[in-house]
Amino acid sequence: MIVIPRVAPGGAFLGAVGQIWGIMQAEITMQWRRWGLWLAFAGATALLLLLTVQAATFLLHLPPTSMYVREHFTSVDLDNLLVSNTVVYGVMFFGLVAALLVVDRLRRDQHLGMVELQRATPQGSARYVLGKFLGNYVAVLVPAFLSYLLCALMTMLLGWSAVLLSKFLLAFLLVFVPSSLAAVSLTLLLTSFLPLRLVQVGFSLLWFYFETGLGQYGFGSSIFNPSGIYIYPVFFPVPHMQYADPNFHTSQPLALLNIVVLLLTAIVALFLMYGWLAFQQQQKEKA
């Protein structure tokens, strides 16, 4: 059993860090003990690996009539195409899996009577929110990273250049990390005040809206899009890349802005979650 260090409100900085670290450890341990987490990531990894191997094999043995041969794609172009193809599906699968795996964490605390983790002061609620978020995020980030690494290593075993490893890691950092940060924080925020089933269904539909071609129209193509459509053409350019919306365009400033917006979305969601939990705590004290 993991003991969460209890620190009096207003305690020392190291004590607060110890409390956050204790909550993180508890969340990571509980998540990694769940068979469902490993089964979900195993299934998503198997599917992503299959798609990666299929694309890598095809691009290694292009027929003379292939569009990529006719358009004179270079080896760098094909590298970027393979990385983009894998990361697009990876963000779609792992982002959704990560969000759904953390969706029940707040309700679990309530059902098990662990509300005492939230301290009576706003500072205590802040530690609880931060530890809860970081613990769950690390718990889902590590399996996702290992899956990306496995896909990169598999392409090298098939005969691709070792340069792909650095490109896979760069894509993971630029696309998956910001999008998953936003996904996990928004999921925790929504489950703090909405019914669990509503969040599960609603977030899944919203995620697929952004990650599919539908997400390239209207609001879906806004700077809030987490699928990487602003990032791939800038950092992993491919000739004649087409979009569902012919009016869509991107640039390096827009790509960087997209990353910043997703990170700010995660931060704002955590602040709102902290405010809501602190408000609930105050209401309970008044009752």
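Cβ atoms here come from the backbone N, Cα and C positions, even for glycine.
Over in TrEMBL, the protein carries these features:
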- 6-24: transmembrane segment (TRANSMEM)
- 36-62: transmembrane segment (TRANSMEM)
- 82-103: transmembrane segment (TRANSMEM)
- 137-162: transmembrane segment (TRANSMEM)
- 168-196: transmembrane segment (TRANSMEM)
- 217-235: transmembrane segment (TRANSMEM)
- 255-279: transmembrane segment (TRANSMEM)
So what's near the transmembrane segment (137-162) in sequence-distant terms, Cβ-Cβ under 8 Å and 6+ beyond its ends?
24, 27-28, 31-32, 37-38, 41, 44-45, 48-49, 52-53, 56-57, 60, 75, 79, 82, 86-87, 90, 94, 97-98, 101-102, 168-169, 172, 176-177, 180-181, 184
What residues in the same chain, six or more past the boundaries of the transmembrane segment (36-62), come closer than 8 Å to it by Cβ-Cβ distance?
68-69, 78, 81-82, 85-86, 89-90, 93-94, 97, 100-101, 139-140, 143-144, 147, 150-151, 154-155, 158-160
